[in-house]
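**Q** Sharing a structure below in structure tokens format, with a few things to ask.
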Amino acid sequence: MEKIVLLFAIVSLVRSDQICIGYHANNSTKQVDTIMEKNVTVTHAQDILEKTHNGKLCSLNGVKPLILRDCSVAGWLLGNPMCDEFLNVPEWSYIVEKDNPVNGLCYPGDFNDYEELKHLLSCTKHFEKIRIIPRDSWPNHEASLGVSSACPYNGRSSFFRNVVWLIKKNNAYPTIKRSYSNTNKEDLLILWGIHHPNDAAEQTKLYQNPTTYVSVGTSTLNQRSIPKIATRPELNGQSGRMEFFWTILKPSDTINFESNGNFIAPEYAYKIVKKGDSAIMKSGLEYGNCNTKCQTPIGAINSSMPLHNIHPLTIGECPKYVKSDRLVLATGLRNTPQRKRKKRGLFGAIAGFIEGGWQGMVDGWYGYHHSNEQGSGYAADKESTQRAIDGITNKVNSIIDKMNTQFEAVGKEFNNLERRIENLNKKMEDGFLDVWTYNAELLVLMENERTLDFHDANVKSLYDKVRLQLKDNARELGNGCFEFYHKCDNECMESIRNGTYNYPQYSEEARLNREEISGVKLESMGIYQILSIYSTVASSLALAIMIAGLSFWMCSNGSLQCRICI
């Protein structure tokens, strides 16, 4: 009879009403890293590192780039005959120059402060070319004979289009004194040059005067250049060299030229009609008939992510460049479907006492599963889920806003005398980049740890909310579930979920069932104790009889000698 009562009690326990606290799980394979763990699978995650580009040069915010193709900036500005397509160019968003363009200074020489001029172009978006000293305004000098085979055009000798190489006329080179006043509202970019002959014979052949100079002055410039006559190896078939200069002439300022030979005079100047953020980008790509907000030398980036690892040099509204291969923010929970056990988390909620996530609960992150005589089902706790979603969304947006500063990094150029500065600049930029990469990676690791612990704490809080309501009307099963000592229908289950559970209403029924179950356990325990004692005594008696019989047999056949001493 006792066994029947015990069996009935066990069956009753199995069939008791239950409510469990759990969390959402899905088929996601997304993984994140935290301070403590690597490759943690989560239900939801957000990638914040852009890794793709389109491999094209695009318009920047609707404005096309100026792609110089085989021409250099110097070849474009001076007017290399092979760069005639760039004699007049529209507004540009940025300038694209190849690493080693073939059409630069066709007549060999140097461009003074060339890197500074390129820096000026990084703040300029449109030039308007204007004539300041017409070619036919040199009656005492030859303005059309200054050509060279080094600058061919259609198989004939030619020269830079925007400057005039002045030669002697009728064996005379009268001293030049010319001025130009900037009456425009915009700054003017003016270029001129000086010719350095190969020997004295070439000097007199071209300019008649053996000793010459070129003097240029403005309100901010005072320059006097003297030709350097020297024997040099040939480049492009020329032993002579040309040196070009530039200056910015402010409105209402005047530039004065004076020379008695070797002067390469300006014919055209560039009016800076629009300033703005631009850049000179080194790239061999062609225009891809596309539009972007961020351009790199290897392709355009169209992304709202705050970071990228595509190329350190960018122009436009760009994410920050980092050296990382992966930066993923956790937004969801640890993805641990049932039948999978994970390590215990900080609060022991998701990865601790709860066995696994529920793929059947799809309308929330945290919630309940109940079972009673009316059936079973899942119900999400939408209030805690919404609070968590809002909190994590705000945090992710805050992180992205902090990182997503409009950022551009354009390469800087240095001349041969500034290599140490260039090396120092590169080391500093690499150092800053390493620090920024480390900070970004550390921030992601820390925030992922906090997010997962935040979810653990929310599940634990939901569990405690139920535990505090039920008190001793149910018992904890240790797996996130509670087993009732009373009947709990769907209305009762709903009251637990919304926090209105009436403890006194069910306490008497729960007490009686609890005492009945405890009594059954005590009675069954007494039966087991009696059986245990009986079994022990019987076993000991049987063992003693066996030992006595063995001893008697051994004594009777002489195997064992028995002596009784008094």
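Keep in mind that glycine also has a Cβ here, set from the backbone N, Cα and C atoms.
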**Q** Going by Swiss-Prot alone, which of ASN26, ASN557 is annotated as N-linked glycosylation site?
**A** ASN26
**Q** Taking Swiss-Prot as the reference, CYS294 is linked by a disulphide to which residue in CYS151, CYS318?
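**A** Of the candidates CYS151, CYS318, the one Swiss-Prot pairs with CYS294 is CYS318.
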**Q** Please report the Cα separation of ASN302 (N-linked glycosylation site) and CYS294 (disulfide bond) in Å, rounded to an integer.
**A** 7
**Q** Give me the count of other Cβ atoms within 10 A of the Cβ belonging to ASN27 (N-linked glycosylation site).
**A** 8
**Q** Determine, using Cα-Cα distances only, which of these recorded positions is closest to ASN498 (N-linked glycosylation site): ASN39, CYS106, CYS290, CYS294, CYS488.
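**A** With Cα distances computed to ASN498 (N-linked glycosylation site), the winner among ASN39, CYS106, CYS290, CYS294, CYS488 is CYS488.
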**Q** Within 10 Å of each Cβ, count the other Cβ atoms and name the one among the glycosylation sites ASN26, ASN39, ASN302, ASN498 with the highest count.
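**A** Counting Cβ neighbours within 10 Å, the top one is ASN26.
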**Q** State the Cα to Cα distance, in Å, between CYS318 (disulfide bond) and CYS488 (disulfide bond), rounded to an integer.
**A** 59
